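In what follows, a structure is listed as structure tokens, so that the remarks can point back to it.
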Amino acid sequence: KMTKGDTEYQFLLESSKETKEKIKRPNKSLLLAVCAACIGGTFQYGYNISIINAPTKSVQNFINQTWLERYDEDISEQYLTLLWSNIVSIFTIGGFIGATIGGTLAIRFGRKGTLMMNNAFALLAALLMGLSYPTGLFELLIVGRFFTGVNAGIGICVQPLYLGEIAPRALRGAMAMGTSIFITGGILTGQVIGLKELLGKEEHWPILLCTTCIPAFLQLLILPWFPESPRYLLIDRGDDVGCRKAMKQLHGTDNFDREREDMERERVSAIGIKPKKPWQLFMDRSLRWQVLTIILLNAAQQLNGINAIYFYTDYVFEEAGIPDVNIPYVTVGTGACECLTALTCGMLIETLGRKVLIIGGYTLMAFWCICFTLTLTFQGAGVWMPYLSMGCVFAFILSFGLGPGGVTNILTTELFTQTSRPAAYMIGGSVNWLSFFVIGMVFPFIVTKLQQYCFLVFLVISVLVAVYIFLVVPETKNKTFLEIHTEFQSGDKRKASKADDGPRTTLLSTPL
């Protein structure tokens, strides 16, 4: 026989289950806001990395023809290679500059405002690259690619910031996965658009490079219909009415009260504290482990071997007997594989948590590094060996998408509070772009010296990062930003107490 107390308890339990179910189903407006932010944000990053591969020969022919018309002689092979390298690598320099200014712009103009302004760089880049052919100025390609990089750098810094702040706590990971889903979607779209059946023919390369304006136009049309980040409105601007209006649109009328309370606690804790600069994060002892974590994770995202895998794909596919003309279509398969994994990670991240996925991803990547090294070493041992190498390629890409590719940006959002988060993204983004540049410069020499054994270097990196995450980084699933910050501080206090039981240990706890 149930008592009155039992009945009330059961009612509360059922209400709690209903609330969790509602929270697990994102509001339609929230999903559309994520898509609107991503289409002009990280989609551009993936798309512009991808489309530059298809017109390589066509652009080089254009440069050679232009040089001949200007100077009545063919361009030397070395100088042609140098110019093409500049067109490709200037993207990373622009990205680095974009990442260094993205956080500052996000504080001054807001997350949504910065994303809207950022489209100006994409439109200018498309215009310059489109004019390069009719004007005969290949230099415009270099300038255009630079502005494309600036656009990507700002986008990959500010867009994850926006996604992490508009999502409710229980859906923060799943919504923030929009970053990696749209990066991989951009890569896949660029691979498909670059096929000869579409814009991959030689005469179509100026149009292909101009298509970067399409995502920019789409974002300019769609994003204005969605609100600014509620956290930015309340904590940075003190706009309580705007915050409530934004949360009502994004979360629905039934389930934003708890999120509003979390924001209010964070606002109170940040009273009198201005948004921090990147160098201030390095000087703040209470943030040292968080800063070290994002530096390591962003560097490892580029140095874990994923670029090496893509470098070897053509060779592996050739050894497997795939004709040269069909290799671009198989490469599209690798892009589809990574995109599918990002979607899978988005479905698993709120169930398994961030820590399990990223440790599991790096562990699997370490395992596939061993397998890939063996299959490349014994490539001629049998006719079936190249197919094993192909399997390792796809398995490595799947492992990357399941862990490091999807979770890294989410952790940058979750490890910091409102006053520190923009600066954290500036640090993480700068490290990511610098690592991207370094691996592009150094990797050819590593391959030349070590050949297939270069994957043993990536094996060590993957294992070390997995161990670091296991020992240092707490699980952040379904925790408020203040709870995560406090957990890091508690870890600092425990370590300090072991080293010194004196009262100086309290110095490690810096108030928000």
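Any Cβ shown, glycine's included, is placed from N, Cα and C.
According to TrEMBL, the protein has these features:
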DOMAIN    34-477  domain 'Major facilitator superfamily (MFS) profile'
TRANSMEM  30-47  transmembrane segment
TRANSMEM  83-107  transmembrane segment
TRANSMEM  119-136  transmembrane segment
TRANSMEM  142-162  transmembrane segment
TRANSMEM  174-193  transmembrane segment
TRANSMEM  205-226  transmembrane segment
TRANSMEM  291-312  transmembrane segment
TRANSMEM  327-349  transmembrane segment
TRANSMEM  356-378  transmembrane segment
TRANSMEM  384-411  transmembrane segment
TRANSMEM  423-447  transmembrane segment
TRANSMEM  453-473  transmembrane segment
Practice prompt. Using a Cβ cut-off of under 8 Å, list the residues of the same chain at least 6 residues beyond the transmembrane segment (291-312) that approach it.
Written response: 281-282, 334, 362, 365, 369, 372, 376, 393, 396-397, 400, 404-405, 408, 411-412, 415, 424, 427-429, 431-432, 435-436, 438-440, 443, 447, 454-455, 458-459, 461-462, 465, 468-469, 472-473
Response to the item:
Given 83-107, 142-162, 174-193, 356-378, the one sharing the most C-beta pairs under 8 Å with the transmembrane segment (30-47) is 174-193
Item to complete: Using a Cβ cut-off of under 8 Å, list the residues of the same chain at least 6 residues beyond the transmembrane segment (142-162) that approach it.
Response: 37-38, 40-42, 44-45, 48, 52, 83, 86-88, 90-103, 105-106, 111-112, 114-115, 118-119, 121-122, 124-129, 132, 176, 179, 183, 209, 212, 216, 229, 409-410, 412-413, 421-422, 425-426, 429, 432-433
Item to complete: Taking the transmembrane segment (174-193) as the first stretch and the transmembrane segment (453-473) as the second, find out whether 3 or more Cβ pairs fall under 8 Å, excluding pairs closer than 6 in sequence.
Response: no
Discussion item. Applying the under-8 angstroms CB criterion, which one of 119-136, 327-349, 356-378, 384-411, 453-473 scores highest with the transmembrane segment (423-447)?
Written reply: 453-473
Discussion item. Against the transmembrane segment (453-473), which of these stretches has the most C-beta pairs under 8 Å: 119-136, 327-349, 356-378, 384-411?
Written reply: 356-378
Discussion item. Counting Cβ pairs closer than 8 Å, which of 83-107, 119-136, 356-378, 384-411 has the most of them with the transmembrane segment (327-349)?
Written reply: 384-411
Worksheet item: So what's near the transmembrane segment (83-107) in sequence-distant terms, Cβ-Cβ under 8 Å and 6+ beyond its ends?
Response: 45, 48-49, 52, 56, 59-60, 63, 75, 114, 117, 121, 138, 141-142, 145-158, 161, 232, 236, 275, 278, 422-426, 429-430, 432-434, 436-437, 440-441
